[in-house]
Amino acid sequence: MNYDIADLRRDYAGETLSVESAPASPLDLFQTWFAAAREHETQDANAMTLATVDSQGLPHARVVLLKQLDDKGLVFFTNYQSHKGSELTNVPYAALVFWWPTLQRQIRIEGRVEKASAEVSDAYFANRPRDSQLGAWISQQSVEIPDRDWLEERKQRFEQVYGEQTVERPPHWGGYRVLPFLLEFWQGQPNRLHDRIRYRYHEQDAAWSKTRLAP
């Protein structure tokens, strides 16, 4: 199978991004860009690629949804017993990528990862649709299963178990917070002369530095 995709390209012409105009905190710039993405992207502005590594150093990536953002970092929720959960237990670092094609913008993030508090996970779980709450019990994420009937049978079983009762959060399900130490903002520009601004966190000074990178 051979696809000729060498000619797949587009022109870029976004807003100018400079070190001088960028705020001191990258999370402030992230919030500004994220608000614009929510306004202009057709759907899933909070979708982000999450990359982790296993115990052998092999990378694995998948798309997850950003569900909370605060001064500490970015939060997503998942099954702690999944492949990514196991990888984050062994190597508690991750990379994130947001891509917003309408705005011609990308944000790349690297950071340390910690579990969100039980209070944060409980509060988010309580606001999920009931079917999604049950799904957290039904699916043994990343485990090989024989067929879809296996899922449907577990669905019926848990619906009977809970009936009209409140569905509690499973102990194996909850949030992770990515604590960034690097953020890179990319803005598409004409002639492939794109704008790239990189922030690094310096723990000793408890401060961010920012610099411009060649495209």
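Just so you know, glycine gets a Cβ as well, placed from its N, Cα and C.
Because the structure is a prediction, the values reported are computed rather than measured.
Together with R62, V63, V64, L65, L66, K67, F77, T78, K84, Q106, Q141, S142, R196, Swiss-Prot lists one candidate of W173, W186, W208 for binding FMN, that being W186.
Note: the Cα of K84 (FMN binding site) and the Cα of K67 (substrate binding site) are spaced 17 Å from each other.
Residues listed for FMN, R62, V63, V64, L65, L66, K67, F77, T78, K84, Q106, Q141, S142, W186, R196, cover a largest CA to CA span of 37 Å.
Of the listed binding-site residues, namely R62, R128, the sparsest Cβ surroundings within 10 Å are found at R62. All chains included, 10 other C-beta atoms sit within 10 angstroms of the C-beta of R192 (substrate binding site).
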